Amino acid sequence: MTEKKYIVALDQGTTSSRAVVMDHDANIVSVSQREFEQIYPKPGWVEHDPMEIWASQSSTLVEVLAKADISSDQIAAIGITNQRETAIVWERETGKPIYNAIVWQCRRTADICEQLKRDGLEDYIRDNTGLVVDPYFSGTKVKWILDHVEGSRERAKRGELLFGTVDTWLIWKMTQGRVHVTDYTNASRTMLFNIHDLDWDDKMLDVLDIPRAMLPQVRKSSEVYGQTNIGGKGGTRIPIAGIAGDQQAALFGQLCVKEGMAKNTYGTGCFMLMNTGEKAVKSENGLLTTIACGPSGEVNYALEGAVFMAGASIQWLRDEMKLISDAFDSEYFATKVKDTNGVYVVPAFTGLGAPYWDPYARGAIFGLTRGVNSNHIIRATLESIAYQTRDVLEAMQADSGIRLHALRVDGGAVANNFLMQFQSDILGTRVERPEVREVTALGAAYLAGLAVGYWQNLDELQEKAVIEREFRPGIETTERNYRYSGWKKAVKRAMAWEEHDK
């Protein structure tokens with residue numbers, strides 16, 4: 001029998017699908033990536049073609065094996081991680097979607113959400129699903145599809161239509177329609193799942209008029225769900241053995257599996273998650289309560305805060321403001337000045353996320369004086385990412401009663417040493433940057449590998465986790481508090497801006 005040398009992680013993201021091959025030491029052997037089309041039918045609406053998601057993801061799986069000259073019988077298992085909340089409805093018989101995937105960023109269901117609030121359901125939804133009422137989550141998207149595609153609700157009741165988040169859709173396609181499952185982490189993002197009973201919530205299904213017959217079975221994040229024989233030479237059936245939504249996969253990839261451990265992912269936005277162990281902590285500070293992966297893929301809970309604009313604000317400096325020609329240049333210009341000269345940038349281009357949840361806030365620059373130049377604005381924009389992270393961390397510490405000792409970081413912007421040092425300064429906490437930056441894929445690989453015995457336990461994984469660089473706070477507490485109070489003042493003035501125009 002051929003030795004099972006590798007694990008494959010499929011990382012299905014918002015703008016691209018990736019496949020990553022890892023070896024036993026958690027080194028990356030090969031990567032393949034394909035972008036796919038973003039569809040914007042109306043302002044604020046975002047869709048993907050589910051068939052294109054599948055085509056891009058399945059082709060990266062074939063490519064990544066061919067690139068590294070690996071046959072499928074050398075693969076121990078496949079793990080899947082995915083953009084969360086994005087909703088797909090398809091025909092059980094044909095596997096054809098009845099509508100495009102409605103993406104997590106899509107705001108078309110704002111009216112449905114307003115109605116849920118008017119019906120007094122906010123507390124019920126927060127208490128039982130852990131979520132706030134927002135178009136972000138899958139439930140209202142599924143309702144919208146059933147409301148707008150003729151005859152679909154009746155077909156769903158008859159069991160002819162299926163719903164799934166992206167993980168469910170991929171596994172359905174990979175198993176030729178034999179397996180209709182999701183995991184606890186993805187289910188916890190639908191607004192249809194009771195995170196305490198660990199089952200679909202009948203009241204929410206009733207409120208949104210979504211038939212139970214169309215929902216997938218919910219399973220642990222680390223177990224064998226089915227087999228696939230797609231990809232590579234040899235045509236061996238490979239077990240699909242791990243699933244986690246992208247942010248929960250990153251939390252697991254960073255090995256934040258104990259209560260009180262936290263990670264922040266710096267992508268287009270920032271996603272910060274803190275593991276709260278076996279207790280679901282209800283947030284009083286605008287955070288989400290969500291399901292995370294425990295040491296062997298079982299249910300743990302986490303607090304989550306999302307910042308909408310992180311890397312996106314650096315793109316704004318480059319694309320709209322033309323202050324830099326490359327995102328990497330931001331660090332160089334930021335370090336050409338000793339501080340921001342009193343300037344604060346609040347990048348609330350699409351409102352503010354956690355812990356404010358103000359859709360009417362708008363971007364603003366405060367503290368401008370005649371001596372301010374472009375370097376000060378670049379520096380203040382980078383600093384805004386760290387300030388927003390502190391906002392979320394303060395809320396997490398208040399909710400959980402846990403004082404964070406170190407923040408593990410990942411995502412594109414962590415390559416920026418200035419930002420990481422300022423993050424440590426403004427938090428007053430160690431910031432740990434890992435050697436392997438692909439922590440989302442790593443999390444999916446770990447979950448799959450543990451399920452099939454490729455890795456024995458977490459201790460074995462801990463030995464492989466290398467911190468490439470640790471940043472420690474370099475400013476005094478009084479200075480830290482002074483700077484942060486300026487940020488709070490700036491945010492307050494940027495809030496509720498849009499309403500004045502209406």
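Cβ atoms are placed via backbone N, Cα and C, with glycine included.
Keep in mind that what you see is a predicted model, and the values were worked out from it rather than measured.
Here's what Swiss-Prot has on this protein:
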BINDING   Thr14, Arg18, Thr268, Gly311, Gly412, Asn416  ADP binding site
BINDING   Thr14, Arg84, Glu85, Tyr136, Asp246  sn-glycerol 3-phosphate binding site
BINDING   Thr14, Thr15, Ser16, Thr268, Gly311, Gln315, Gly412  ATP binding site
BINDING   Arg84, Glu85, Tyr136, Asp246, Gln247  glycerol binding site
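Counting every protein chain shown, the Cβ of Thr14 (ADP binding site) has 19 other Cβ atoms within 10 Å.
Taking every protein chain shown into account, Ser16, Asn416 are the binding-site residues, and of these the Cβ with the most other Cβ atoms within 10 Å belongs to Asn416. Take the Cα of Tyr136 (sn-glycerol 3-phosphate binding site) and measure to each of the binding-site residues Thr14, Thr15, Gly311, Gly412, Asn416: the nearest one is Thr14. Looking only at the binding-site residues Thr14, Arg18, Gly311, Gln315, Gly412, the one with its C-alpha closest to Arg84 (sn-glycerol 3-phosphate binding site) is Thr14. A 10 Å radius around the C-alpha of Gln315 (ATP binding site) takes in these binding-site residues out of Thr14, Glu85, Asp246, Thr268, in sequence order: Thr268. Just so you know, of the binding-site residues Thr15, Gln247, Thr268, Gln315, the Cβ with the fewest other Cβ atoms around it within 10 Å is the one at Thr15. Cβ neighbours within 10 Å of Arg18 (ADP binding site), excluding its own Cβ and spanning all shown chains: 22. The Cβ of Gly412 (ADP binding site) lies under 8 Å from the Cβ of Tyr266, Gly267, Gly311, Ala327, each on the same chain and at least six residues away in sequence.
Counting every protein chain shown, the number of other Cβ atoms lying within 10 Å of the Cβ of Tyr136 (sn-glycerol 3-phosphate binding site) is 22.
Cβ neighbour count for Arg84 (sn-glycerol 3-phosphate binding site) (all protein chains, 10 Å cutoff from its Cβ): 26. For Gly311 (ADP binding site), the number of other Cβ atoms no farther than 10 Å from its own Cβ, over all displayed protein chains, is 18. Thr15 (ATP binding site) is 11 Å away from Thr268 (ADP binding site) when you measure Cα to Cα.
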